[in-house]
């Protein structure tokens, strides 16, 4: 796979089989090179300020408007109905989500989408959805298009080959990719495959501001990669299916050609991928904790300064050196919702129970924190420099929305750990009213 480097850059690319396919000096000539059609894909309003203006020009064999009418398609477990079940403010944890067995049923990416929680409304362009994908088969003569928002995809098991109108990306566990609103894509898999998706409506992901950190650190722009142009001029007599997620529902239409017929393109509105091992970790080197916002990879900002629709945060391998400090995550009640997943390894605050391919949700103001074993062990540990989370990659989708859990998440998936609360049951009081400060 070949890629171009950078985040939000003005890119240009043409398939080497058609040199000179990009028009020179203009976007929409009367006749495009090679007899192509010019089509603009807008990711922002025309009048957005220039730093926020997102668009790309695609030069394709046939335009995307050539298709049969859309008709309603089965949504399966994909939903935007946040009122299916009564609210549940408890700490929630899921065991690894099951992957269908191919001998029983072949399931591709589009049919293997399950919504676990979310809030807001795609119609008003303000909200969030969290989905799990579990599949065992590639999409054949079919692609997916999200008209509602952006997909941030986190593979957990199995690499995925994503073909887009902009080119191809191979995304492995410990990498992420973002497919922005309106971009058509198809997913090939190579066995049992599972992962997580963060969907945001009404905003695009961007790099967090660094403030006093300076010009370098966290996820550096140069480490993001977007695909290079690749096309197929393929007639599909039996029909090619476009699946369109629109206003929280699925619709399907037919056409007789592959949508991946873009010979050349230019612009700053593209899909992209990022390897989480490239994250430059900032951490405390004296005492106490910095807040977990220092681990933010990408953010989708709301209209309130400093408040995100959603942040994508990771907890990568790093050094722990804080002195006089309880080093694991602190006990916490938060005005934000915290959905966590585990790509690999063991999460430091709960080494048992929280498993790769599983998840947890600590809703707004729901108490959470280290389990009893973690607290007792780390309250007595010798504080010396040590590696933390070695061989582990946990992540968090943090949102200002109060997320509702779906019926699939609470009941249908059958992986909800109903004993989760018990990991705190044995916490006991260490209060000693006779305690006196030690003399220095």
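The count begins at 1 with the first shown residue.
Just so it is clear, glycine is given a Cβ too, placed from its N, Cα and C backbone atoms.
The domain 'Homogentisate 1,2-dioxygenase N-terminal' annotation in TrEMBL covers 2-276. TrEMBL lists 278-431 with the feature domain 'Homogentisate 1,2-dioxygenase C-terminal'. Under the heading active site, proton acceptor, TrEMBL lists 289. According to TrEMBL, the feature Fe cation binding site maps to 332, 338, 368. The homogentisate binding site feature in TrEMBL is assigned to 347, 368.
Long-range Cβ proximity for the residue listed as 'active site, proton acceptor', meaning a same-chain Cβ under 8 A and a gap of 6 or more residues, is found for 322, 325, 329, 330. Residue 347 (homogentisate binding site) sits 15 Å from residue 338 (Fe cation binding site), taking the Cα positions as reference. The Fe cation site is defined by 332, 338, 368, and by the 8 Å test on Cβ atoms against their centroid, the other residues of the chain that qualify are 329, 333, 334, 362, 366, 367, 369. All protein chains shown were included, and the count of other CB atoms within 10 Å of the CB of residue 332 (Fe cation binding site) stands at 14.
With a 10 A radius on its CB, residue 338 (Fe cation binding site) counts 21 other CB atoms from all the protein chains. Around residue 368 (Fe cation binding site), the same-chain residues six or more apart in sequence whose CB sits under 8 Å from its CB are 91, 331, 332, 333, 338, 362, listed in sequence order.
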